[in-house]
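Over in TrEMBL, the protein carries these features:
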- 35-56: transmembrane segment (TRANSMEM)
- 88-113: transmembrane segment (TRANSMEM)
- 166-186: transmembrane segment (TRANSMEM)
- 278-300: transmembrane segment (TRANSMEM)
- 333-358: transmembrane segment (TRANSMEM)
- 370-390: transmembrane segment (TRANSMEM)
- 402-422: transmembrane segment (TRANSMEM)
- 442-461: transmembrane segment (TRANSMEM)
- 467-492: transmembrane segment (TRANSMEM)
Amino acid sequence: MWNKSNKVFNAEDALNATKNDEETKWKDMNRNQQIKFVIILIAKLLGLLSLLYFFVCSLDLMSSAFRLIGGKITGQVFSEGSILSNPIAGLMLGLLATVLVQSSSTSTSIVVAMVSSSILPVQRAIPIVMGANIGTSVTNTLVALTQSGNREEFSRAFAGATVHDMFNWLTVLVLLPLEIASGMLYRLTGAITNSIDLQRNPNSNPEFLTVITKPLTETIIRLDKKAIQNVALGIADPDISLVKRYCSFKNESDNGTYVLVPNEYCPFLFAKVTWPDWVLGLVLLIISTVLLCLCLLFLVKILQSLLKGTVKTVIYKVVNSNFPGIFKHFTPYLAMLVGCVLTILVQSSSIFTSTLTPLVGLNIITVERVYPFTLGSNIGTTITGIMAALTAVSTKELKNSLQIALCHTFFNVFGILIWFPIPFMRLPIPLAKKLGKTTAQYRWFAIVYIVSSFFIIPTIVCALSLAGWYVFGGVLGPIVLLIIIVVIINVLQTYRPTWLPSGLRSWSWLPRPLRTLGWYDEHLFGKQCCCFCCRKLKASPETTDERCKQRSYSTQRCGQGGFHALDDYNDGNSPIFIKMADFNSDKILNLIVITDQSYRATHTVDYTPSIIIADDFNNDKILDLAVTSQTDGAASIVLGIDDGSFRSGTSLYVGSYPTCIISTAMERRASQWPIRKGTADFNVDAKIDFAVTYHSSSNVSLLLVNENGTLRDEVSIALDTQPVSFITTDLNSDNKAELLFVNQKNNSLSIYAGYGNGAFYKWTIFTSSRSVTAVVVADFEKDGRIDLTITSSGRNVLSVMFRDDNEAFSVQLNRTVGRYPSAITAVDLGKDIKLDLVVINRSDNTMRVWMNYGGHNFFIQNKVLNRNHT
């Protein structure tokens, strides 16, 4: 979101320039105000710490609730050897077990106990530990759901939470096949444990955070942590209760035999409750969920009140900035170390990552920075497992438990080595961001993702494994093969479409439910959505901005340069160009898409259309279209009718390959040919004319429009050199259009002034030391004088030329942009009556936004990566 009034920025330069005008400085306060400020600040800090404490306790209670609901089932499943013989089923079983007990420590401790007792071989236990590593990320994904009320926060929070999921899944996809084929982790950890002298250390697993949380959580529920392990080992009755109701026992004689009988209840809330474990678990789950949501709600409110203005700027800069110079490459590794140490202190990666999730949603920590924190947390939780393994009773148990703990550690270490050191290999970040954007658009998809990824798919895989290898491979093999093929085609569609047959260059031939989530949003989940105003939006006749404000989630974005993706539409094959305007005068923007094949068009032209301009060419207050043909070299006016449809106008041959379009405030490049077409009133007859340039000529053709919207013969202008770009504007405020040409061959910008009768003369020319690629004109200082901004691909800069009192242009500001800036536009993104700049960089596939703060100052606000060359 581009919004300078609300100080919502993402880039460091913009943050440095941000000043909160609403904040009262300390020196401007009187004594009473200062005392009040300090008291409120202390109260907020104490409230923040208290809420954080209850938040951690709620996570502990939720873990206990899940153990009561599914703990014994988990133990029984782990004791089923036929499932564990299948490594993929073992992976899913570890995932499912961790989700059921909401603790990777519990699931891995069961595995360690079974390995130590020689019930489960180490090799079979490795896939289970991998699955447990995936399952532990479900907690912070659930925490992200609490921020679903705000789409922007939800997008960031869900991306920050699922970056953990993406890393774990990608690591499993690489290392599990490698482990099945070679036994790499098993051999490596076996060599390590065989080469060292193992000594048992019963005090190697100290408690840190649990010392603080136990006094509260143990007054509510107490569980027998060994009960699940005993069920898995087969030494306990599967019907045993996991609740530790009695704290002391006494010997009583029964016919000469002494037996232990309960003597005293433990002092906690549910000690005397006789409900089944699963009922008690459901009650505890409801209590912990309500407590978790309330804590997060007030945590976010307090953080929002504390972290604003200068405070937020400083924290954002400290957390997300890098070390200076060459040391910047070590910054994420320091973040990784911090995540590792903090996870060891809290002894739970779920608690640590769940605490980071709301901070990502509030835009205090970026997804790029939370990624190394998460990786460090993964290492930290394995260190905790190693310390727990050192408490084993015998040397044999110590060897086995330490080996499986080391497998867990090296699994994460190898994953980090694959997906972190090389920047372009950090795939979990873009994948998580894509998932965050999808769930923000279709919020029901978050639930579908969690349920399918952590419950349905693991359950189906485990069920298929019971049917044997033939059924397992026969069902999953074709599905996996189909997924691989679809992924490969999607990649080729994005980066190498010419390698594919024409029918596979898009999925438009598929039924809509198979290629877009929009259909499900319309027909299934959208109808069940509790957001009534979302459904009301589609039928409301109000204007676009009024309709936007009806949405509770988007009020801040309305009228501030924001956009909302409502749906996907299939408009045929091979779209070439798009235009948005209010064609039927209902104050709602409509879309026109040009394709080179048939689609549900309102009007058909006689040639292959390539570009389009919307304007009122016949002065009837209804928008018309000017369309050009890349193949026939023709320009045609299509006149608009008040119902939004069109009727044919006149056509005129203009020259070969007029394939691009530009207007005073916007540029869109439709092909590789450097051709431009602009609209203006060249002969001052109150009717809009337009001009065309060509890739094979240095001439410019002016197409004058008659009163009825038809085209006259063209007027040609001979230029000194072939232009690569041009725009039209009234530079000298004489109500006559000027033409500005970007000449890349001689690195110049030439301006031709108009006589007002369709004829032009050369006014002035600016030269640059390196290649000029694009130009935009606007009154940046709001002083009534038109200024110029040009981009240079040779120097990779944009230069702003402000107009002085003598009506002369001088370069007063240079800003470094990305590699090969190819297009630029000026628009008021912040709604502050100051025009900002948007630059497209062709070589590094980026878009950069420069916000105008007045006084000849522009600051970079954001950088957006594109998938393809712009």
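Every residue number used here counts from 1 along the chain in the order it is shown.
The backbone N, Cα and C atoms fix where each Cβ goes, and this holds for glycine too.
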*asked:* Which range wins on Cβ pairs under 8 Å with the transmembrane segment (88-113): 278-300, 333-358, 442-461, 467-492?
replied: 442-461
*Could you give the residue numbers and ranges of same-chain residues that sit at least 6 residues beyond the transmembrane segment (442-461) on either side and whose C-beta is under 8 angstroms from one of its C-beta atoms?*
88-89, 92-93, 95-96, 99, 131, 135, 138, 141-142, 144-145, 148, 151, 154, 158, 162, 165, 435, 476, 517, 520-521, 525-526, 528-529
*Is the transmembrane segment (402-422) packed against any residues at least 6 beyond its ends, judged by a Cβ distance under 8 Å, and which are they?*
108, 111-112, 115, 122, 125-126, 129-130, 132-133, 167-168, 170-171, 174-175, 185-186, 188-190, 192-193, 198, 332, 336, 371-372, 375, 378-379, 382-383, 385-386, 388-390, 392, 428
*Would you kindly list the residues that approach the transmembrane segment (166-186) from elsewhere in its chain, counting only those six or more residues past its ends and only Cβ-Cβ distances under 8 Å?*
87-88, 91, 122-123, 126-127, 130-131, 133-134, 137, 371, 374-375, 378, 407, 410-412, 414-415, 418-419, 427-428, 431-432, 435
*Against which stretches of its own chain does the transmembrane segment (370-390) lie, if we need a Cβ under 8 Å and a gap of at least six residues from its ends?*
104-105, 108-109, 112, 133, 136, 160, 163-164, 167, 200-201, 204-206, 332-333, 335-344, 347-349, 352-353, 356, 359-360, 398, 401-402, 404-406, 408-409, 412-413, 415-416, 420, 426, 428-429
